[in-house]
Amino acid sequence: MAATGTAAAAATGKLLVLLLLGLTAPAAALAGYIEALAANAGTGFAVAEPQIAMFCGKLNMHVNIQTGKWEPDPTGTKSCLGTKEEVLQYCQEIYPELQITNVMEANQPVNIDSWCRRDKRQCKSHIVIPFKCLVGEFVSDVLLVPDNCQFFHQERMEVCEKHQRWHTLVKEACLTEGLTLYSYGMLLPCGVDQFHGTEYVCCPQTKTVDSDSTMSKEEEEEEEDEEDEEEDYDLDKSEFPTEADLEDFTEAAADEEEEDEEEGEEVVEDRDYYYDPFKGDDYNEENPTEPSSEGTISDKEIVHDVKVPPTPLPTNDVDVYFETSADDNEHARFQKAKEQLEIRHRNRMDRVKKEWEEAELQAKNLPKTERQTLIQHFQAMVKALEKEAASEKQQLVETHLARVEAMLNDRRRIALENYLAALQSDPPRPHRILQALRRYVRAENKDRLHTIRHYQHVLAVDPEKAAQMKSQVMTHLHVIEERRNQSLSLLYKVPYVAQEIQEEIDELLQEQRADMDQFTSSISENPVDVRVSSEESEEIPPFHPLHPFPSLSENEDTQPELYHPMKKGSGMAEQDGGLIGAEEKVINSKNKMDENMVIDETLDVKEMIFNAERVGGLEEEPESVGPLREDFSLSSNALIGLLVIAVAIATVIVISLVMLRKRQYGTISHGIVEVDPMLTPEERHLNKMQNHGYENPTYKYLEQMQI
């Protein structure tokens, strides 16, 4: 009995030791990494791992490993970077005392407070995905496996994929098992933010309910401005940080609350909604930076008589999405429909694979030709399923894209109408005009950001296609730029109001210009030989504050004299430049337009183009005449060539008609010719030939000689 008790006590002690080791393993690993950081730095005990964060238009942030707090760029100049290699170099510059060997995108976003713009005092908090600066030899993350969860890992030495790609694969792997992704980590680095494998934990879907409810409660507690940031957070999921600054001004927000009762509903509330369908195709709450990982499946031949197994799950979410129109819940309904399609496709594939395995087991004793036919049948079935899934997903994404573009256009149109209404009010109120202008510029920026994100996604996935669409992207960006500048030029109708809000306008334009310069500089390395390449090479001119208004004397009573209410729908026949209805493709002929133009508020905002050369008070450049002369010269040369060709064709036709008519007259036989029955057949034939116009060339020659 004593021996038995001793053995039981020993077993219990071993179990407790193993339990303690299991509980302390993650903490020990993290502590070891922190101690390694401190030893590497030589500056004291580190409390945080080195990380950097970027937000375009604002200074880069990095973690102070001694304090654990986020600090701005020490040089005060560095903003968002362009490549992962630049991120690695920046990590090495920020942490020179550490041996930074690689970078890796973090799995979860962070909220950084007091994030300021360059040379600005305005600071706000933003939610971004930071980059981890990896020190020394790579150490994989320690993953916890909760109850009822499963641990998996994948290693492919022949594959070197990015962080986002591995995340997509593990998420799909969990969905295949009927689970959801709980956590994951990278294995075996093979490049900058590239790895040979990953390890991950999948849990039942009920495990994520608590975390989702916690996140929703936290979002409800945010202020109005922060809610705008959260909604724009759906945008911050590009393959590389290209977040544009969509923050609203805090002063304007406060003023809006003060004047809500006066303005009523004339200025429509501009909810900061935006969804990027090109980056958000594979987006989920676990990793907002996940890119689209599924392209169009290229199958040359599909067997059409293959019967696709029926859908095991209902398609209510998909049907509801297509049957209902767009609303404020567009993004949520799109996500639900997309997830439903993925689950349905996975179940179909699992069913086909299971049937394939069963058929192979039963076909072991069959001849080789029959087994080959069976294999081809299932291969065709798999291809048909993949093609159908790709088609359904493409239809879903295209529908969502069209709805998002329509929503952006509607909000931009409403913002422009409110801005025009504010200008036409009697008397005009400067603050209300500024507020409406900010909303309009914000709506234009949504469209610009939508276009930029689309191009950046295509550039990362298909550079060849990006090169083909670059001219279209730049044209659309120029259209947005000119449309916005022309709207600003409408302030010329009320110069005293424009002078009062001049500083706010300059600041607003400079903020938008900073983001635009960042994008144009990133794509200027890949020129495209198209018609608009001359405009693209110039890109966007450096920022000049908008001062189209003459200085006014303080002694003059300018308000009654300078104020001329704009008649709604008529507008600016005397004003240089105006709003006209046109397609965006005529942007290349913008310098040839008439100066007397009319505002028509019924026009779709997307179809308006403007003459931006006179918006900033700049004189029209004489070089603008050059393209007109060149086009005229080319048109004249083409016209002359067409005339020459037409004359030649007409000459050939006339000659042909004359020859044909001459031949017809030559074959006419005049009257009845009596034939001598005594003539020989040769003589009869000669007479017949002479009757039809035949002349003996010898006789004809002799006659000509006598003449």
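Just so it is clear, glycine is given a Cβ too, placed from its N, Cα and C backbone atoms.
Sequence annotations record features per position, and here Swiss-Prot assigns compositional bias 'Basic and acidic residues' to 270-282.
The disulfide bond annotation in Swiss-Prot covers Cys56-Cys80 (among others), and the record cites sequence analysis as its basis. Within 10 Å of the Cβ of Cys56 (disulfide bond) there are 17 other Cβ atoms, across all protein chains.
All protein chains included, Cys91 (disulfide bond) registers 23 other Cβ atoms within 10 Å of its own Cβ. Annotation note: Cys91 (disulfide bond) sits in a helical segment as assigned by DSSP. The feature disulfide bond is assigned by Swiss-Prot to Cys91-Cys133 (among others), with sequence analysis given as support.
Residues or ranges marked as disulfide bond in Swiss-Prot: Cys116-Cys123 (among others). Under the three-state DSSP scheme, Cys123 (disulfide bond) falls in the strand class. Other Cβ atoms within 10 Å of the Cβ of Cys123 (disulfide bond) number 13 in total over all chains.
Annotation comment: Swiss-Prot describes Cys149-Cys203 (among others) as disulfide bond, evidence class sequence analysis.
The disulfide bond annotation in Swiss-Prot covers Cys160-Cys190 (among others). DSSP assigns Cys160 (disulfide bond) to coil in the three-state reduction, placing it in neither a helix nor a strand.
Within the same chain, residues at least 6 positions away in sequence whose Cβ sits under 8 Å from that of Cys174 (disulfide bond) are Thr180, Leu181, Tyr200, Cys202. Among the features that Swiss-Prot reports, disulfide bond is placed at Cys174-Cys202 (among others).
Positions annotated as domain 'E1' by Swiss-Prot, on the basis of sequence analysis: 46-205. Averaged over the domain 'E1' (46-205), the predicted model has a pLDDT of 84.
Using a 10 Å Cβ-Cβ cutoff, Asn485 (N-linked glycosylation site) registers 19 neighbours. The N-linked glycosylation site annotation in Swiss-Prot covers Asn485 and rests on sequence analysis.
Marked as signal peptide by Swiss-Prot: 1-31.
What Swiss-Prot records for Met186 is site 'Required for Cu(2+) reduction'. If you draw a 10 Å sphere around the CB of Met186 (site 'Required for Cu(2+) reduction'), it holds 25 other CB atoms from the protein chains shown. Reduced to three states, the DSSP call for Met186 (site 'Required for Cu(2+) reduction') is strand.
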Query = Ranking the disulfide-bonded residues Cys80, Cys133, Cys202, Cys203 by other Cβ atoms within 10 Å, which is at the bottom?
reply = Cys203
Message = Among all protein chains shown, how many Cβ atoms are found within 10 Å of the Cβ of Cys160 (disulfide bond), not counting that one?
response = 14
Task = Return the residue, from the listed disulfide-bonded residues Cys116, Cys149, Cys190, with the maximum count of other C-beta atoms within 10 angstroms of its C-beta.
result = Cys149
Ask   = Among the recorded positions listed here (Cys56, Cys116, Asn485), which has the Cα closest to the Cα of Cys190 (disulfide bond)?
value = Cys56
Message = I'd like to confirm something. Which of the recorded positions, Met186, Cys203, Asn485, has a Cα closest to the Cα of Cys56 (disulfide bond)?
response = Asn485
